[in-house]
Amino acid sequence: MKTALIDPFQRAISYLRVSVTDRCDFRCVYCMSENMQFLPKKELLSLEELDRMCATFIRLGVKKLRITGGEPLVRRDIMTFFRSMSRHLDSGDLHELTLTTNGSQLHRFADDLYAAGVRRVNVSLDTLEEAKFARVTRWGRLPQVLKGIDAAQKAGLKVKINTVALKGFNEDELFTLTEWCASRGMDLTFIEVMPMGDLGGEDRVGQYWALDDLRAQLATRYSLSDIPKRTGGPARYSRVAETGQDIGFITPLTHNFCESCNRVRLTCTGELYMCLGQEDMADLRAPLRASDDDAVLENAIRAAISLKPKGHDFDYSRQRADGQMTRHMSHTGG
Ligand code: SAM
Ligand code: SF4
């Protein structure tokens, strides 16, 4: 193992989120427009390149890999990549291989994911009502996702549900969703919706629902206690005494834990974002393609990490004050 990746603020970088595709079989209203222009294939890292990139990060001390997208399970042959990554779990260099998915393909891949060493998956699900599900995802169908969740649990995968909080859309399902998750032994995390520009506003479903308000509503029925659980990201957690569940709150626009941030994000084109809330990125595809010598790539990664900012600052809120994100979540994988 080489010297670990330590950023200028003495944070060890041990968590890499990797977007393996910009494509998706859904068109969630807050994430994509209906007519998306996807990247030409040559722009994407091939599965071999993704493998080499991840192996290099693992050699440099990354212990946790989360695969995301777009929808990671629609990338052709993605199981080859998962199977290949399992060698790092076997060697003990990688501690966790996981993914975030919309669940549509889980019924096909749950067993294969388990066999590749995946033990936990995050499934995004905003509503348990079929018509509303079709409205918010545009192209998604709820029964297929529920079938996927069944398959995942049956395969032995621990499932966590991610729900985007949308006022006037899933507000009335707050308790239904919570209890449904509890009844199936699944933790639940709410995500504050980030305003994305240019997604075809005519299709607006719901609006910003502050998680402080959501939490206050939960507290009218349950005893919530804040727990010190940290995952290195902008999430805080509460335990529900009645159900034993941990409920997470991800507030992308408020940044509570930058000081313990251990993660960086790689896009499907090989750009490394050092911080979700800043525009700075480093192109790792060029050094990857320039040479077969991994030292070239390692140096580029180290140079990028040396630029990891201390955190999101007020610039961030000013930058976003107009409600526009210049990047889409499907680009950085959330
Ligand atoms: N397709 C997969 C999925 O939906 O889980 C993985 C990629 S998706 C971009 C990752 C997460 O970002 C999902 O939980 C999704 O709900 C969330 N997301 C997308 N757009 C968002 C937005 N505008 N605000 C907040 N969360 C968003
Ligand atoms: Fe696809 Fe996930 Fe974005 Fe929905 S949130 S459009 S499922 S990438």
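For all residues, glycine too, the Cβ spot is worked out from N, Cα and C.
All TrEMBL annotations are machine predictions without curation.
Per TrEMBL, the feature domain 'Radical SAM core' maps to 8-228.
Lys160 (GTP binding site) falls within a strand when secondary structure is assigned with DSSP. Annotation comment: TrEMBL describes Arg17, Arg66, Thr100, Lys160, Arg263, Val264, Arg265 as GTP binding site.
In the three-state DSSP assignment, the secondary structure recorded for Cys31 ([4Fe-4S] cluster 1 binding site) is coil. Annotation source TrEMBL lists [4Fe-4S] cluster 1 binding site at Cys24, Cys28, Cys31.
The Cβ of Ser124 (S-adenosyl-L-methionine binding site) has Thr100, Thr101, Asn102, Gly103, Ile161, Asn162, Thr163, Val164 as same-chain neighbours under 8 Å, each 6 or more residues away in sequence. Marked as S-adenosyl-L-methionine binding site by TrEMBL: Tyr30, Gly70, Ser124, Met194.
Cys258 ([4Fe-4S] cluster 2 binding site) falls within a helical segment according to DSSP. Its Cβ placed at the centre, Cys258 ([4Fe-4S] cluster 2 binding site) has 17 other Cβ atoms within 10 Å. What TrEMBL lists as [4Fe-4S] cluster 2 binding site is Cys258, Cys261, Cys275.
Feature annotation from TrEMBL assigns region 'Disordered' to 315-334.
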Euclidean distance between Cα atoms of Cys24 ([4Fe-4S] cluster 1 binding site) and Arg265 (GTP binding site), Å: 19
Per DSSP, three-state class assigned to Gly70 (S-adenosyl-L-methionine binding site): coil
Candidate binding-site residues Cys24, Lys160, Val264, pick with smallest Cα gap to Cys258 ([4Fe-4S] cluster 2 binding site): Val264
Filtered binding-site residues, from Cys258, Cys261, Arg263, Val264, Cys275, whose Cβ is under 6 Å from an atom of ligand 1: none
Rounded Cα-Cα span from Cys28 ([4Fe-4S] cluster 1 binding site) to Val264 (GTP binding site), Å: 24
Candidate binding-site residues Cys28, Arg66, Lys160, Cys261, Arg263, pick with smallest Cα gap to Met194 (S-adenosyl-L-methionine binding site): Cys28
Candidates Arg17, Gly70, Lys160, Arg263, Cys275 (binding-site residues) - the one closest to Cys24 ([4Fe-4S] cluster 1 binding site) by CA: Gly70
